[in-house]
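Among the features that TrEMBL reports, signal peptide is placed at 1-30. Here TrEMBL flags 108-273 as domain 'NIDO'. Per TrEMBL, the feature region 'Disordered' maps to 353-465, 1020-1043. According to TrEMBL, the feature compositional bias 'Low complexity' maps to 361-375. Look at TrEMBL and you will find 556-786 tagged as domain 'Nidogen G2 beta-barrel'. Taken from TrEMBL, the feature domain 'EGF-like' covers 787-828, 829-871, 876-919, 920-956. The domain 'Thyroglobulin type-1' feature in TrEMBL is assigned to 965-1033, 1044-1112. Marked as disulfide bond by TrEMBL: 1002-1009, 1082-1089. Here TrEMBL flags 1027-1042 as compositional bias 'Pro residues'.
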């Protein structure tokens, strides 16, 4: 990291080999809860108030804290696992979003935490005690070697103890028992600040929380861990931030990994008086970090690589008695330089079964350092060598300058065991436990010891020197023992032990060398890759064995499948067979191997009985290993050739057998082919073969194993017993990795002991069977027998699927093999597919197998290189996509692919031709527009616009009632416009001077005449034919008066009786405008009131006393009279504007062109108790429609002054979300994400019907194209998100988009550009496509969290949950142009655009 480098040191050149220099660190036991920094009210901690979203009072620091480049004197602690330098906003504005936050944040575990009802507590304090400051200093010095003199003057501690996640209250449901404990410590010396995050073992029981305002979005967000500077000045820039986690697995690994070498402890440099462009994590390995190389930016390693890896408790066994080493590949993420980092650590552990020996303690070592034991195979540079350490600065001196191909300097060699001699004295364990001066907050006042495993605390290591640019030092260390990688894809550097007596440091040219970086996938999934001086090698992980390219679990049974072919002469009879089946089953923990070969024809099957070496190969391959020995699979793996030549005596028949191993199949079965050629003695039917136990010596040289022996066998049948013999020469060849160090002291000869040899043939089954029990070990000399551990002779009682671990003498323990569970004596298969402990990725199916599992890709997918991830099968070259077709331009024709290189061309609608040449069609000549509209032809399309005096979309035009023309004049103008068309025979109405219809109307072309009423409607029976006398049309009759109702007659009667004016105490019936009794009747101006029925009769029991008014229900339909305006409804002004939904409000945001007029924004409608989600607008009647998920209704309201909301659908809904209006067909469409339905109804709620109720999981957004009659909708199904389309009546349903989408929340159809566009909160993209799914393109690829979107002119406008506002994006440039953030900050949902006229659209 730059902050820890020597000033002025240039960044190393991007040589590939520099990426591979490891830093080895002993992986220690997990952090115990007692090893947290001391906390509790006895230590002076303040307690944060219980609750879901609480914030502490300001903590005024005695000494300011540097965070990034700024100094802060105030801190706040929040319930949600976060510390800030300012008070927090509402949790909905930050707790459910990725980094960065809008405010300064230090987040050890940012999630929706709730401490209500005693579910945990949050404690915090500022501390200056020597015990706390001393421990913080040791952690910081360990992770930042250049800060060896860091001495904090004050620290701030915050502890979240046993806190729970927020959960929705459900009747009868108990709260979850998953509780988390973690701690953050901020330490500063006045100029530099460091943060420590501590996660004890089992301290993270939940890894994320569900968003509160998700409303049926089944989503769990992983906790965020990291740092944010905050203070983003505008939408287009963000302050620097540093993120450590992104998935649940990366959160889980917080307590399993570390950048200090102590699982669960993380250290970061977070602020300084000098330039600090971003947070910098610690370099693992304590003071060894000075020997690392800088990773070029283009090849940087990040913490994310390791934190995303799948670690389980098996490969992170914190309490194993064996010490382990870990590797750290340092790097500086590319984003760090621009202020954005997503850092993860790349770790790999190695299990060394030897006890630690020779721990090194320099004289100035700090024995109370919190680092864990140092592995013995770390390189050590004594002061007498060229690599020295200044006792004051702790900085190493240079090993020498680079000259030509060599690096001068010295490295001390190692002995065969990898330990140094003489060993230094042991470190006293008792001196390591710090004693707190004040009582700790733990039961029984136990002392806090950082290392409960009892291991000694290591001292500080000598610091290897930092080398100048282009200088590389390769350390010499052994690579013995199996190793267990924690992350596939990580690798290490090693070199051979045999360097020479002078142990000079050297260089090599790695330009043509194969490395793990490009070849690690050649290794088994259960192996790790190691780079050496001349190439790479694979090594099996712990609990697996093999040659690295093929690894099998120790203790598990193994299976072999194969084919056997042969050309034999049995006696004088030729026998041929081809590809008969061979199957073998091996019990790995006791060396038993069973082989069965089926359907070998007689007499060959009987004659092969003595040839037990056919099955004996599997005995040697999987023999039970004695100490210091290895069986065949450990050396050769699953790729080798076994040749044997057998000579029978006394007849000297000779047969040659070749067995070729061809690797492991997907189920880890060994595949093998066997070929038998030659002559064998004839054995009569019914004879059985018997072979006594024997021992063979196997001789090992480079990639070859040989053995020669003689065997006797007896053939018996009844009283007949014949003894014969054969001599056998065997040769096994295989590939070895020559780049790895030679294994020290591996025996050149091993002895295979074969017991319980059986050879049987069943003529009915036609199966030849062999059985052998094998042990491999050193050559035995005749001596007194000594007791043998049952693990070595197979006499143990472990299950056949368990490993036998030898103890002292004849003691042993049993452990179920990987993939099985139980006590070792009884093991059962673990179904990884059911438990979720598998690595099958998306678009794959997990299939459980005994002891393991297999991943299979779904149809249309294939495995990626990791053999677990399924990727879409790359389609063959498509001329329509690569542009090699000969069709007309994309705007005129479409290319249709027919497979291979075949394609056809078709002109798009609006064009005519053969597809290769397309010409525009003049739609205006086809009279497609309404007669009262003007048609405008455009290339490939046309548009219609209603003439003055009419309104509509051009396809339908209606006279404008607001026009100054009378109905007669409007009809006259319309008819005159149509009269211009050739052949038109329209009647042109005749109007008088006032614009009224003349009572007599005659058709100018036909001569027919008729009378009309004042509205221009023909009076029935008045029409006369041409040439006859026109009818007499008089003035229209006076309209008849409505007869008075009972209420009106009674009222008139009483008023006449009262003399015209009643007194205040006299009753007068109250009638409405239609003459009906009003439901509430009162005595004059008094408070004596009652309810009446439709006939005016008093409803019994409703008469009230003064001061109260009865609630009366109308008994007749209310009159169609506009009510007075509601006080909370504000009608919008004329012009184009946006309407958006926000909780219980509909907001109004006007546009000036395409710019947001934010100062004129206001609330259009408030609906208390609602949660309004979907919204759309009917341009014909100026009505706004919306869905309410709280009220489970669909409602509407006019935009006219004084309009009241009207509920039009109030049944059969649970979570109505998306809503779309077809203003032409007067129909609305909506989605219900709980009912999983898409429905339609007329705009008044009538004629409701279900369009789709199958193959829907989470339908959300919906859009309509009324011109072309298409419906579109999204389904954010987490397993298979998609965008679908159909006709408006539900026909021709099909999937339009189902690749590269995640959470398609928003959807809009632009009638002008004919594009269907969507905003995806999963991929963070805004994309568009043509209505048929072609022409897909990305408009913007860095959205925050979009919910709904609408298109207008050359802009998109979308609501955003991250910003809690409306954001505008330019269609052409894809750039953000503006945003509007309402004063009330809460999630915005739907959005729509309101035009002053209906959009005409294009075909």
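Positions of Cβ are set from backbone N, Cα and C atoms, glycine also.
Here residue 1089 (disulfide bond) comes close to 1080, 1081, 1082, 1083, 1103, 1104, 1109, 1110: these same-chain residues lie at least six apart in sequence, with C-beta atoms under 8 angstroms from its C-beta.
Cβ neighbour count for residue 1082 (disulfide bond) (all protein chains, 10 Å cutoff from its Cβ): 17. Of the recorded ranges 829-871, 876-919, 1044-1112, the domain 'Nidogen G2 beta-barrel' (556-786) has the largest number of C-beta contacts under 8 angstroms with 829-871. Least crowded of the disulfide-bonded residues (1002, 1009), judged by neighbouring Cβ atoms within 10 Å of its own Cβ: 1002. Through the fold, the domain 'EGF-like' (787-828) approaches residues 314, 543-544, 553-557, 587-592, 624-627, 773, 775, 777, 850-853 of its own chain, all at least 6 residues removed from its boundaries and within a Cβ separation under 8 Å. Counting residues per DSSP class in helix, strand and coil order gives 4 helix, 18 strand, 21 coil for the domain 'EGF-like' (829-871). Here the domain 'EGF-like' (920-956) returns a mean pLDDT of 84 for the predicted model. With helix defined as DSSP H, G or I and strand as E or B, the domain 'EGF-like' (787-828) counts 4 helix, 15 strand, 23 coil. Remark: secondary structure over the domain 'EGF-like' (876-919) totals 4 helix, 15 strand, 25 coil, with classes taken from DSSP. Per DSSP, the domain 'Thyroglobulin type-1' (965-1033) is made up of 13 helix, 11 strand, 45 coil. When DSSP labels each residue, the domain 'EGF-like' (920-956) comes out as 4 helix, 16 strand, 17 coil, counted as helix, strand and coil in that order.
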